[in-house]
Every structure is written in structure tokens, then in C-alpha cells.
């Protein structure tokens with residue numbers, strides 16, 4: 001009897017915590033006109049997000065999504081296109097010729113997807129987004145970075161979060177094929193960074209009606225900074241993906257790089273230091289990470305862009321600690337941000353050689369640029385308190401569409417069906 005009462009009390013307290021601290025409406029930050037447009041045409045803007053009650057913590061949400069989500073197979077038409085520097089890109093098309101709402105192939109709205117990291121068109125999170133497009137009668141194109149999606153790596157150059165040349169090539173190619181079709185670019189994780197950096201560099205010449213960025217890392221330096229639990233859970237996984245990519249294309253990359261040295265990388269920072277920053281000609285890894293951070297370009301966005309982030313995203317952490325300065329070497333100064341609790345102090349002490357080897361220059365800009373978003377009429381930032389990184393699970397059995405899928409689908413419909421209203425809503429006052 002006593003044990004049953006304790007179970008009931010524990011469940012009641014858990015339910016109370018869930019309803020009071022977990023269940024919340026998303027925070028909508030951005031230009032007044034843009035936010036008003038979303039409130040009128042996208043139900044998510046005024047609705048409460050109910051994360052999966054047994055899986056709402058950010059890291060758990062991130063890790064469980066690929067295990068829980070249902071996988072749908074999608075058949076694509078592949079096209080290989082050449083880049084100006086002799087490279088090759090793979091585009092996977094879903095033409096959606098059965099579309100009843102948009103039967104005219106020349107005017108059919110089109111969405112370009114950019115997967116994350118080494119992702120392809122068959123990633124479960126991407127297929128879910130593609131289905132949102134397909135169900136609405138639109139056309140979609142999955143743009144794979146060099147060496148992915150069945151394309152050969154023809155030159156010793158791959159991709160990065162800062163370089164947007166290949167996205168510009170794809171946008172121009174699609175616009176040439178279908179000049180009358182409205183175009184929307186959507187990036188996920190690293191792809192989201194590329195989309196945002198493209199908007200920052202292209203200004204009014206993006207060629208896009210609108211854009212969506214899902215779970216981007218606004219500050220690349222903050223994203224890969226050492227946090228002991230995130231480092232244990234995610235650093236090795238991401239680094240292995242990068243190294244496997246290098247191994248697959250070793251024959252081409254070894255013409256320019258010391259591949260064996262690159263393959264000794266134990267972290268994302270080391271990989272960028274030995275490969276990515278060198279490949280794109282940056283004088284330092286710190287400079288590459290700065291250039292890859294969209295938070296420094298948000299004032300240059302001139303295309304309507306919806307950005308989704310959660311405050312418990314392990315790759316986009318909040319600034320809630322204190323800033324300290326450590327001088328591990330005479331020639332450099334190391335800025336690190338830590339939260340002053342026992343476990344982080346222990347982790348920093350254990351990892352001191354790691355930090356000294358990296359010589360990481362930590363920026364102090366906020367992980368979520370809320371103030372800048374309010375000042376730019378082309379930006380709408382949707383911030384949830386839960387969701388993790390590309391997680392956003394909801395429902396007791398989160399097998400089907402996620403909260404992220406619903407937000408994306410609703411915005412696609414609003415942007416394509418009310419394009420003149422969207423353009424007018426985002427005009428500067």
C-alpha cells in the first residue's frame with residue numbers, strides 16, 4: 001500500500017513538473033511584420049509544444065530521434081552537375097509530377113534541402129521533411145555536398161560551413177531550369193549554417209523567395225567548445241563521420257593533404273585545424289570558425305528566413321556561465337566559458353592539456369542572437385525550451401511527424417501560398 005502511494009506521488013510530481021516546466025509555447029523573435037505573418041498563417045506560432053513526456057531532455061531527445069522515428073523510403077531522380085572549379089555535385093530530385101494543386105511543372109514551388117554533416121537524401125530526418133513537401137504538391141531537390149550522394153570527389157576540395165559557392169551554383173542551376181518556380185532553401189544542422197551564411201553573403205541577390213534553417217549553430221566556436229558530457233556523447237561520433245569521409249576519398253585528397261595526419265584527429269576542432277581551415281585558406285582555425293558563424297552576418301539577411309532552435313540543443317548551448325581567461329602558452333590567450341559547478345571544474349581540470357593543445361579562442365557572443373533578430377525584418381527565430389538537436393519529438397509514441405516537421409510544413413505552405421503577403425510583411429518600416 002505504501003509503495004503504491006509513493007508511485008502515485010512520484011508520478012503526480014513528475015506530471016506537475018512536466019506541465020509547469022516543460023510544456024511551453026515557443027518564443028517567436030524577429031521582425032514585427034514577419035512574426036505577425038507567422039501568427040496569421042502558421043498555427044505553430046500560437047500553439048503550445050508538448051514534448052514526449054518521457055523523453056524531453058535535450059541530449060536524450062537528440063539521441064532517441066533516429067531510433068524512434070519511422071523511416072519512409074523515397075525514390076529520387078539523380079542529376080550530377082559540374083562546379084566552376086572542376087568539382088561535381090549530386091542533386092536528388094523528387095519532381096512530384098502527380099501534383100494536382102501545381103500541375104504546371106514550370107511554376108511548381110521548389111524546395112532545396114541541405115542535409116547536415118555527411119548526410120544524404122535518405123536520412124530519416126530529411127525524408128520526414130521531404131514528405132511534408134511532397135504532400136503539399138511541391139517539388140524538392142536534395143543538394144549533396146561534394147563527395148556525397150553518389151558524386152565522385154573530382155578535386156581535393158570538399159565543403160565547409162562557411163563556404164557557400166556550391167549552394168550558389170545549385171540555386172543558379174535550378175533557377176535556369178525553372179525560372180518561374182518560387183524557390184525556398186532549407187538547411188538542417190550544418191546545412192542550416194550554410195543557408196544562413198549564404199543569405200548573409202548574397203543579400204538581396206539570393207534568388208530565393210524564403211529560407212528555413214533548422215537547428216543551426218549560430219556560433220561555431222561555442223558549438224564545439226569543450227563541455228564534458230557533450231564531448232563524450234557527440235564529439236567522437238561526429239569526428240568518425242568526418243574521418244570516414246576522408247578515408248573514402250583518400251586517393252583524391254592525398255594529392256594536397258597529409259591524410260595520415262588528418263586521420264589522427266581526435267576531435268572536430270583538430271579535424272578543422274588539420275583539414276577544413278587549411279583547405280579553404282584560412283590563416284587560423286579560429287578565423288574559420290568565426291567565418292562559419294552566422295551570428296556575425298544576421299544583419300545582412302535580406303531574404304525572409306525562419307530559424308528553429310531549442311535552448312537545450314547540445315550543439316547550440318546557452319551562455320549561462322562566467323568568462324575566464326587562461327594563458328596556456330606565451331603566444332596565445334585562451335578564453336573559455338564554464339558554468340561554475342563541481343563537475344565542470346573537474347572536467348576542465350582533466351581536460352586542461354586538451355585545451356592547451358587546441359588554443360581555442362572563445363567568442364563571447366550569445367549562442368542565440370535574439371537582439372539582432374528583433375532588429376532585422378527578414379528574420380523570424382522560433383525558440384523552444386525543449387527539442388534537442390533535430391529531435392523535437394512529441395506524442396507518447398513519437399514515430400511519425402515531429403514538431404520540427406510540422407513547423408517546416410506550415411511555413412512552406414504559408415510562404416508559397418501567400419508569397420506577396422510574405423514579401424510585404426518583411427519590408428523594412
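Sequential numbering from 1, following the chain as shown.
For all residues, glycine too, the Cβ spot is worked out from N, Cα and C.
Taking Cβ-Cβ distances under 8 Å and a sequence separation of 6 or more, the neighbours of residue 189 (active site, charge relay system) in its chain are 115, 116, 117, 119, 214, 215, 216, 217, 315, 389, 390. Annotated active site, charge relay system per TrEMBL: 189 (among others), in sequence order.
When other Cβ atoms within 10 Å of the Cβ of residue 313 (active site, charge relay system) are tallied across all protein chains shown, the result is 29. According to TrEMBL, the active site, charge relay system annotation covers 313 (among others).
Annotation source TrEMBL lists active site, charge relay system at 389 (among others).
For 109-321, the entry in TrEMBL reads domain 'AB hydrolase-1'.
All protein chains shown were included, and the count of other CB atoms within 10 Å of the CB of residue 389 (active site, charge relay system) stands at 26. Confidence over the domain 'AB hydrolase-1' (109-321), given as mean pLDDT on the 0 to 100 scale, stands at 93.
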